[in-house]
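The domain 'Sugar phosphate transporter' feature in TrEMBL is assigned to 21-294. Per TrEMBL, the feature transmembrane segment maps to 38-62, 74-93, 132-149, 155-173, 185-201, 221-243, 250-268, 280-298.
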Amino acid sequence: MGEMTGFQLGVFGALFLSVASSVSIVICNKALMSNLGFPFATTLTSWHLMVTFCTLHVANRLNFFESKSIDMKTVVLFGILNGVSIGLLNLSLGFNSVGFYQMTKLAIIPFTVLVETLFLKKQFSQQIKFSLFLLLVGVGIASVTDLQLNFVGTILSLLAIVTTCVGQILTNTIQKRLNVSSTQLLYQSAPFQAAILFVSGPVVDQFLTKQNVFSHKYSPIVLIFIILSCLIAVSVNFSTFLVIGKTSPVTYQVLGHLKTCLVLGFGYTLLHDPFTDRNIIGILVAIFGMGLYSYFCAQENKRKQAVEVKDGAPLLSQDKDSHEVKKLTKNSLV
């Protein structure tokens, strides 16, 4: 019971850290890109990952965690896949309207459910599926405005959905099957993610913005916000691996849509962004869907624990009976 309570506290802490850090970095990056004119999102992400690796390397040297060797081929492919996923999401935003980009992000949940059902034989109850449907409808109402389709943008979005989904499933699977922590996996894979984005980032950003990141004029305030963004990103990257490892890729995506609702709310209250009745209705529907998802997940976990306890009871009884038989036999021999 104590271990279960500790695990639940760990999950809650991971969820809270993920939400707080993600909302913080969105606000920071929005100020950096919209107000300070630094539009190089992909290159900035490569800097995030490099700072994350350097931070974890220092933590490892100070014995805050123990590094664990992972098969090099697995780590390299995993790191490249995640790096490509980030690049494709940014390209998808560049080639599509904001509304279609939001639809791309919404499509990750049903695709993840489909992949886990077909290939990992994972079961999703009708209640879970219904709550996810409500969540997606709510976020769609709140955030999707215009839907402008084009062939290249659609292909990029499909590739972004596939790579993001597979990357997040692997994040969960590698941690469980290889018995590595989120910190150990992030420490091993971050250099490869950073490398692929460090090489491709300036090219992608120049293609999307028609500006060169290396010829950009870096004022002191821009440098301060870049450093702040990189520091917050350490927490974002760590909590991402932590949440997916402790819960599931679908739960992480649900959490991501909670962040979207919070960002919309913060944008209205802090930055005075436009806010309509449609936004309010969508956010309320999404929050209701999240609440149902959390409730149904908790109920399923309770049922699983009850089954485990029930299945474990005969074994305990059998062990006890066996111990009594041995004791009687020993006494009779004496």
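From the backbone N, Cα and C atoms, a Cβ is placed for every residue, glycine too.
Please treat TrEMBL annotations as automatic predictions, because they have not gone through curation.
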Using a Cβ cut-off under 8 Å, which residues of the same chain at least 6 positions beyond either end of the transmembrane segment (250-268) come close to it?
15, 18-19, 22-23, 26-27, 30, 105-106, 108-109, 112-113, 116, 124, 132, 135-136, 139, 142-143, 168, 240, 243-244, 274-275, 279, 283, 286-287, 290, 293, 297
Report the listed stretch (38-62, 74-93, 185-201, 280-298) having the maximum count of Cβ pairs within less than 8 Å of the transmembrane segment (155-173).
74-93
Does the transmembrane segment (221-243) come close to the transmembrane segment (38-62), meaning at least 3 CB pairs under 8 Å for residues 6 or more apart?
yes
Residues of the parent chain within Cβ reach of the transmembrane segment (185-201), under 8 Å, 6 or more residues beyond its termini:
40, 42-46, 49-50, 52-53, 56-57, 60, 65, 67-68, 70, 75-76, 78-80, 82-84, 86-87, 171, 174-175, 213, 237-238, 241, 245
